[in-house]
Every structure is written in structure tokens, then in C-alpha cells.
Ligand SMILES: Nc1ncnc2c1ncn2[C@@H]1O[C@H](COP(=O)(O)OP(=O)(O)OP(=O)(O)O)[C@@H](O)[C@H]1O
Ligand SMILES: O=c1ccn([C@@H]2O[C@H](COP(=O)(O)O)[C@@H](O)[C@H]2O)c(=O)[nH]1
């Protein structure tokens, strides 16, 4: 079983698919799935998107870089919302970020992160990469490498990587395994090219799975038979 993971969640896991904001049922489901992982003593880092609040590119009439700043702040809002919810459910959680200075958010410091893991805390890395023009997939790849994760799990609303977007093409075919190079060269838009490149360079395996199927996350950590596995 993987013992140290970076979990990248789409913001929509907080709102429900194709919805905005926060949904109590979605949050309860999420905290139950996370509890199952934490109970196995797995060291868990998380990066969360902000699709339930703001995506920079969707903010028309806003200057690109400012739209992205708003998006990154959205990831901080999600992280704090989640921390509060998790703690009420008994999941010890710390939020770290470089983009805000708030009493509820800690500065990212490698030594401290190890202490948080050893003390049984889930660590939420908020604020993306701290730079506009990127997404939280790239942030997840960076944090996975930084925290020396065994694997990066991208938990989303599709059950793996397909040859085309399965939400748009009903006849899309799923890969159970794929190389970084193929994912990049075939232009499979499940993750950014930057994220795939970072994982390739630092030999970080990726699993893409459907987060909305109960038990999927824990099963993926126990065997490699869920979703799509990306490797060299
Ligand atoms: N080749 C592909 N294989 C699988 N999914 C694909 C592919 N190309 C595009 N997609 C789409 O990529 C989407 C991945 O969504 P993801 O979880 O990354 O959301 P996000 O937009 O990054 O997160 P957020 O909701 O926080 O903004 C899926 O909904 C899927 O429809
Ligand atoms: O490094 C980053 C990460 C994110 N952004 C902005 O935030 C939103 C939300 O992230 P998603 O990955 O799309 O959920 C994104 O659309 C960007 O606008 C960023 O600028 N830099």
C-alpha cells in the first residue's frame, strides 16, 4: 500500500459535479473518503482546485493575471473551508500557503511539514503554484515531488485517462496504463502538460481516478487496479 500520497482534488468535489459553492452532502462524502485513508496511517498531502468558486479563464472582462490571482485565492478559501469541516469530523488538518498571511494559514516549511505528517495531520497546500498562468494540477505535481510522495493521485469526475474527453465523446477509450510521453504527445487534456512534465522528470507516478465512486481512493492506494496509472 502507498504510504505517502499527494491527493489532487477538483474544486467540484466540494460543490458536487458541475455546481458552484459548497454542498453539505459532497463535503460529508469527501470527509468520509479521507477518513478511510487517514485511518490507515497514510501521510496525506492535498492540493485542491477552485472550479467550484473561480477559474481564472472563466472570469471574462478581468485581466488574465488578476483572474488567476482570484482563482488562487479561491483555492485558499476551499482549503480553509475544508480544514474547518475536517476538524469538526475529527480529521486533524493544517493549511499551508505562500500567498496569504492569515492566522489560520501557515507558511510552507519543509521541516514543519514532516512534523505535521508525523503528528497525524493532513496537510493542505493552498494557493496553487503562487504564480498566475498555471493550474492546481501543476501545483500538485510540484508539491508531490517536494513532499516526496510515493504517488500523485488526481481524483476527479472521470474514471481515468481516455484517448479523448469522455465527457464530450461517448466512444472515448480508456487507458489502464499510459506513459508520460504518450500523455503529453497525444495532448490528453486531463492534466496540464507542465504537470505531466514535472512528474516525468522526477519519476512521480500518477493515478487518475473517479473520486465520486465510493471506496475508489483507498482501493487505488492498495492496488494499482483503479483508474489510469501513468508511469515512465
Ligand atoms: N483525455 C481525457 N481523459 C479524461 N478526461 C479528460 C480528457 N480530456 C479532458 N478531460 C476532462 O478533464 C476534466 C478533468 O477535470 P479536473 O478534475 O482537472 O477539473 P479541474 O478543472 O482541474 O478542477 P477544478 O474543477 O477545480 O477547476 C474531466 O472532467 C474530463 O472531462
Ligand atoms: O498555480 C496556479 C493555480 C491556480 N491558478 C488559478 O486558480 C484557478 C483555480 O485552479 P484550477 O486548477 O483551475 O482549479 C485557475 O483557473 C487559475 O486561474 C493559478 O493562477 N496558478
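Each Cβ is built from the backbone N, Cα and C atoms, and glycine gets one as well.
Under the heading domain 'Aspartate/glutamate/uridylate kinase', TrEMBL lists 3-210.
Remark: residue 8 (ATP binding site) has 46, 47, 48, 49, 136, 137, 140, 152, 153, 154, 155 as non-local neighbours, by Cβ distance under 8 Å and separation of at least 6 in sequence. Annotated ATP binding site per TrEMBL: 8, 9, 10, 11, 51, 55, 156, 162, 165, in sequence order.
Annotation note: residue 68 (UMP binding site) sits in a helical segment as assigned by DSSP. Under the heading UMP binding site, TrEMBL lists 68, 129, 130, 131, 132, 133, 134, 135, 136.
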Revision key, fill the gap. Using a 10 Å radius on the Cβ of residue 51 (ATP binding site), the other Cβ atoms enclosed count 24
**Study point:** For residue 156 (ATP binding site), the one of 68, 130, 132, 134 that lies nearest, given that the binding-site residues are compared by Cα
**Key:** 134
Practice item. State the Cα to Cα distance, in Å, between residue 51 (ATP binding site) and residue 130 (UMP binding site), rounded to an integer. Key: 17
